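Annotated domain 'ABC transporter' per Swiss-Prot: 6-230, in sequence order, evidence recorded as sequence analysis. What Swiss-Prot records for Gly42, Thr43, Ser44, Gly45, Ser46, Gly47, Lys48, Ser49 is ATP binding site.
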Amino acid sequence: MQDVLLQVQAVSKSYHDGDVTTQVLSDVDLQVFKGEQLAIVGTSGSGKSTLLHIMGTLDKPSSGKVLLAGEDLYQVSSARQAQIRNQDLGFIYQFHHLLPEFTALENVAMPAFIQGRDRTLAQADAKVLLERVGLGHRMSHIPAELSGGERQRVAIARALINKPKLVLADEPTGNLDAKSGEAVYELIRELANQLGTAFVVVTHDPKLAARMDRQLTMKNGYLQVPESAQ
């Protein structure tokens, strides 16, 4: 039996603007297992990014629970949430959000610096990760000197620097050409297998999602249950 890492229990999310209520998520239940690679697919506006943000404590559910390793993420202090984000979760976005004035090495090491780790040890770990993603020769380059695919590889290494239990990726290949996008997905799979890190990847591309261990579909705020699970 697989060990459950993250549980989403009856999560709903709505926004209110005066008398108008917009329902974004409706009673979503989901389990993410340790070390698995899960894709969530759906069209724009289906609610998949909102779900990912709630899983990462970047947005709060209107109702329901999210538990990481048994800990209810919305019953802890904001300080504890910040600690969880930095220590137990990694994030990858469509746009890399690298700090432009810092080198690839410094960008990867930054979350470890924020955590208060020894700078020399943090940079040593960052070097190992950059070599692992094929950028050992680009460590001293700033983001403007890197290609789009290289910048996203730096972002993946940064997401892994604190050895998170779970990495949440929101359209990680959405800003890349097809070849670079495929390379990023292969890298995610390779790293997940090597490190035992769980990945949840939100994407609109079913072909890329099919490479993951499991895929689920969001539609109009509902998580579709595969026929095999019904």
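Placed from the backbone N, Cα and C atoms, the Cβ positions cover glycine too.
Since we're looking at a predicted model, the values are computed, not measured.
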State the count of C-beta atoms found within 10 angstroms of the C-beta of Lys48 (ATP binding site), not counting that atom itself.
27
Tell me the Cβ contacts of Ser46 (ATP binding site) under 8 Å, same chain only and six or more apart in sequence, or just say none.
Met218, Lys219, Asn220, Gly221
So for Gly45 (ATP binding site), how many other CB atoms are inside 10 Å of its CB?
12
Excluding Gly42, Thr43, Ser44, Gly45, Ser46, Gly47, Lys48, Ser49, which residues of the same chain place their Cβ within 8 Å of the centroid of the Cβ atoms of the recorded ATP site?
His204, Met218
Among Thr43, Ser44, Ser49, the binding-site residues in question, whose Cβ has the most other Cβ atoms within 10 Å in this structure?
Ser49
How would DSSP class Ser49 (ATP binding site) in three states?
helix
Let me know how many other Cβ atoms fall within 10 Å of the Cβ of Gly47 (ATP binding site).
22
Using all protein chains in view, find how many other C-beta atoms are within 10 Å of the C-beta of Gly42 (ATP binding site).
24
